[in-house]
């Protein structure tokens, strides 16, 4: 196996692991990293990105395996465990439905560098606004989120279908806007990542099944494992961070990255097509 390709795969796994759960959009960063490193052909990169996203998802599953098992086991009887299971299902449904109905439109019409840049910049401004004017937490326990709160966060997650918006950004800031504490909305966002990434990955994997080749399994495994461990570390670090800090730094970063997308798209330095 080519050593340079291995290094590139590790870097891509690191990028995915860092950006998947932070409110900064993993997609834009993966496109940038892949273009700068000239990483794989388009078709092979699609498959690789599916695998590193699954690595990120499984890191969440492993971290919360006890709570997930309790939630699944308690789904048939009243209690906090069933409440979490139902809330995740409620929040998952709106984005799943909209994504299923409009997936072709999103890929063919919305995925332009200018939409991506707009998603980054507008998302950054919204984070600033919520942090400064709309954050009034009334609930600090993810297990006690109401069905209405879950549905509202699910509606916010629909905005993440706009490229550059960020799934985690939409759900975290949406949760904060509707009265969840930073930690509660961040943890709930982690849980929502499981069905969203899982469903999207399985669908994308089925569509890309003809591009999968046995000789690529080594590089796919490297990306998967790297993403798993980096996501695991970032997940814990983010929860420690939000217990003491706001999301304002991420807002400024989003705006700066959005301007970078605009500049590189206008000059043609980076190919932002997918």
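Start at 1 and count along the chain as shown; that gives each residue its number.
Keep in mind that glycine also has a Cβ here, set from the backbone N, Cα and C atoms.
In Swiss-Prot this protein carries:
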- 4-24: transmembrane segment (TRANSMEM)
- 46-66: transmembrane segment (TRANSMEM)
- 86-106: transmembrane segment (TRANSMEM)
- 109-129: transmembrane segment (TRANSMEM)
- 145-165: transmembrane segment (TRANSMEM)
- 188-208: transmembrane segment (TRANSMEM)
- 214-234: transmembrane segment (TRANSMEM)
- 250-270: transmembrane segment (TRANSMEM)
Return yes if the transmembrane segment (46-66) and the transmembrane segment (4-24) have at least 3 CB pairs under 8 Å (sequence gap of 6 or more), otherwise no.
-> yes
Looking at the stretches 86-106, 109-129, 145-165, 214-234, 250-270, which one shares the most CB pairs under 8 Å with the transmembrane segment (188-208)?
-> 86-106
Based on Cβ pairs under 8 Å, which of the stretches 86-106, 109-129, 145-165, 214-234, 250-270 lies most in contact with the transmembrane segment (4-24)?
-> 214-234
Positions on the same chain near the transmembrane segment (145-165), where near means CB under 8 A and six or more residues out = 25, 27-28, 83-84, 86-88, 90-95, 98-99, 102, 106, 110-111, 115-120, 122-123, 139, 171, 173-175, 177-180, 184-185, 188, 192, 196, 258, 261
Who are the chain neighbours of the transmembrane segment (250-270) in space, where the CB to CB distance is under 8 Å and they lie at least 6 residues beyond its ends?
-> 22-25, 28-29, 31-32, 35-36, 113-114, 116-121, 123-125, 127-128, 131, 164, 166, 169
